[in-house]
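So the structure is just underneath, and the comments pick up after that.
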Amino acid sequence: MISLTQTSFLNGACISRAHARRLSDSRTRRPSSVKMAAVNSSSSSDHHRAGQDKKSAFMADSAAMRENAAAAAAAASSSTPVVVEEKESTMAGGARDVYGEDAATEDQFVTPWTLSVASGYTLLRDPNHNKGLAFTEKERDAHYLRGLLPPTVVSQELQVKKMMHSFRKYQVPLQRYMALMELQEGNSKLFYKLLIDNVEELLPVVYTPTVGEACQKYGSIFRRPQGLFISLREKGKILEVLRNWPEKNIQVIVVTDGERILGLGDLGCQGMGIPVGKLSLYTALGGVRPSACLPVTIDVGTNNDELLKDEFYIGLRQRRATGQEYSELLHEFMTAVKQIYGEKVLVQFEDFANHNAFDLLAKYSPTHLVFNDDIQGTASVVLAGLISALKLVGGSLADHKFLFLGAGEAGTGIAELIALEISKQTKTPVEEARKNIWLVDSKGLIVSSRKESLQHFKKPWAHEHEPVRNLIDAVKAIKPTVLIGSSGAGRTFTKEVVETMASLNKRPVILALSNPTSQSECTAEQAYTWSQGRAIFASGSPFPAVEFEGKTFTPGQANNAYIFPGFGLGLIMSGAIRVHDDMLLAASEALASQVTEENYKKGLIYPPFTNIRKISARIAAAVAAKAYELGMATRLPQPQDLVKYAESCMYSPSYRNYR
Ligand SMILES: NC(=O)C1=CN([C@@H]2O[C@H](COP(=O)(O)OP(=O)(O)OC[C@H]3O[C@@H](n4cnc5c(N)ncnc54)[C@H](OP(=O)(O)O)[C@@H]3O)[C@@H](O)[C@H]2O)C=CC1
Ligand SMILES: CC(=O)C(=O)O
Ligand SMILES: [Mg+2]
């Protein structure tokens with residue numbers, strides 16, 4: 001069993017560093033011209049441009065950026081001939097291993113990497129290669145496992161059955177979460193097989209709502225570290241810290257600073273559960289191989305007094321660093337990431353507070369492959385839901401009136417993408433398209449006459465209207481056809497709000513996006529009963545089906561988990577080097593097109609998660625096609641059938657034979 005790792009991790013036979021380097025070089029090294037192209041495309045003038053364009057904080061869509069990105073793509077693609085066939089490939093059907101391409105720079109080889117051979121006891125404790133009782137007799141002989149396992153040999157399918165059997169015995173969600181994390185750390189392939197085969201049942205555990213509780217209690221349930229912790233103490237050493245990570249071909253990083261974890265507020269360093277969970281979905285739902293995924297938490301302190309007092313808190317015990325100290329640390333991280341993993345590593349910002357999220361996206365969009373899931377991924381999933389809801393309510397997007405509770409990342413992100421789509425469909429300026437979209441924040445309806453200064457991301461939504469203090473008055477005044485909750489404030493869609501929506505609309509569209517379940521603006525039961533079964537309802541966290549007047553209503557889940565795994569796969573497989581708004585629109589359309597007549601009959605505006613890998617492949621294909629069309633793809637030539645190609649790129653968690 002051969003893997004590139006650090007000497008200290010494995011105690012098998014170790015090959016010298018020089019030998020490892022020769023092997024790595026011959027297997028994966030790129031021509032140095034590639035490195036130069038990557039470096040040249042991120043000049044400081046790009047940063048300067050980014051800083052100037054605060055208005056495009058939502059998504060970088062300026063012609064200048066497009067040109068800049070296309071030029072960088074051309075530079076990168078013209079010098080990217082290296083595609084490596086990996087024997088331990090994650091690819092199905094013998095397709096080329098897009099994951100095998102090495103984004104390493106020369107610098108990377110000055111690391112403590114050593115090629116190690118794991119066998120025996122070490123192999124059983126290596127989560128990436130452990131198969132537990134599924135090691136065959138031959139493998140037990142060949143890899144010094146005799147006696148280390150009981151005699152029985154079982155299939156992976158039986159292991160899945162057994163794991164689900166014990167998993168279901170746990171009644172407490174947090175225990176289920178801990179059991180799954182233990183499996184992930186002990187036998188990664190079995191964990192992913194379990195998750196893929198039982199996605200609807202396990203998603204609420206590895207993801208919202210349970211991951212929220214796990215983050216709140218992360219310190220007390222902490223057993224083994226997952227992901228990379230980069231704190232203020234690592235300032236000046238982030239490159240070294242990245243080199244400590246045992247995998248080197250990283251393709252997706254999900255990074256948080258823990259300041260806005262779901263709707264639970266500032267959880268500091270304990271936000272790590274979110275990048276870990278999101279990346280599990282990248283693999284299970286989007287097929288990105290686990291070793292290409294890097295969860296990162298940037299710890300700049302926390303303003304959560306309870307955590308600061310908690311003896312089990314795992315982060316820095318100080319209040320949050322802000323201003324220059326904060327931005328310097330983030331900049332060092334972004335620079336190091338590009339230096340070590342290259343131009344095409346995707347950095348997904350997750351659960352940053354909005355006072356940093358928009359600025360980070362605006363700053364790094366022109367120079368890095370960055371994506372903010374809360375702003376962009378959420379926008380794309382909600383737009384998809386609205387496109388499919390039109391089948392049930394009729395009309396076009398331009399015929400509808402939208403009201404949001406919550407004007408932060410999710411709210412304004414979604415609002416802007418709806419406006420963009422309307423503007424494309426109606427060929428009107430986006431400013432015109434915004435006029436039917438209204439947002440309420442903690443101070444009431446956002447209107448132009450508001451005295452207090454508005455944050456920059458709210459300004460486009462300050463329409464002319466007399467002040468309205470609260471949501472119910474806003475519903476009565478605006479008369480929306482669609483009500484979207486993106487406030488993080490639980491149960492704010494009161495009976496009166498839902499009843500008013502139902503009195504205004506035959507089929508009111510009500511989306512309660514806030515997570516976890518406790519923060520949902522209303523429950524599915526409330527939405528259906530208060531609207532007399534007429535609401536078209538979806539929520540960020542899952543709710544069970546509801547019986548009302550002898551009918552069963554199945555709520556959908558409006559969660560960015562539908563988008564980001566396929567979206568990321570599309571970027572990776574096309575070698576995209578920038579994210580563009582049109583890719584988000586393409587992803588929305590691809591997702592909406594997966595809703596079947598049968599789903600519509602049940603009032604669903606999203607397809608079930610059971611088919612998510614097929615859906616992700618279609619989203620990936622649509623995103624990749626857009627990347628090629630925009631000249632932002634570097635993986636050339638373009639595959640003929642992008643859906644098939646996406647499917648062939650997907651990681652399979654089936655065990656391999658170790659000869
Ligand atoms: N389903 C999904 O896929 C996703 C769901 N979310 C969820 O959306 C929620 C919000 O996230 P995000 O947009 O990033 O958060 P932000 O902090 O950026 O925005 C929250 C917004 O809600 C407003 N708000 C808060 N409380 C109230 C209240 N009681 N009444 C009216 N407005 C209120 C805030 O007002 P003000 O500006 O005045 O402070 C702010 O405008 C979270 O719960 C998150 O979990 C996020 C991303 C994806
Ligand atoms: C789903 C998600 O990204 C959030 O609630 O923040
Ligand atoms: Mg999030």
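Even glycines carry a Cβ here, placed using N, Cα and C.
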Inset, instruction - Among N505, N515, N611, indicate the single residue that TrEMBL lists for the (S)-malate site containing R260, N559. - result: N515
Legend entry - Per TrEMBL, member of D359, D374 binding divalent metal cation alongside E350, D351: D374
Inset, instruction - Go through the recorded positions Y207, K278, E350, D351, D374 and pull out the ones with a Cβ less than 6 angstroms from some atom of ligand 3. - result: E350, D351, D374
Legend entry - Neighbours of E350 (divalent metal cation binding site) among the recorded positions Y207, R260, K278, N559 (Cα to Cα, within 10 Å): R260, K278
Legend entry - Neighbouring C-beta atoms (10 Å sphere around the C-beta of D351 (divalent metal cation binding site)): 25
Inset, instruction - Around ligand 2, within a Cβ distance of under 6 Å, which of the recorded positions Y207, R260, K278, D374, N515 show up? - result: D374, N515
Legend entry - Among R260, N515, N559, the record's (S)-malate binders - longest CA distance, Å: 16
Inset, instruction - With the Cβ under 6 Å from ligand 1 as the test, give me the qualifying entries from the binding-site residues D351, D374, N515. - result: D374, N515
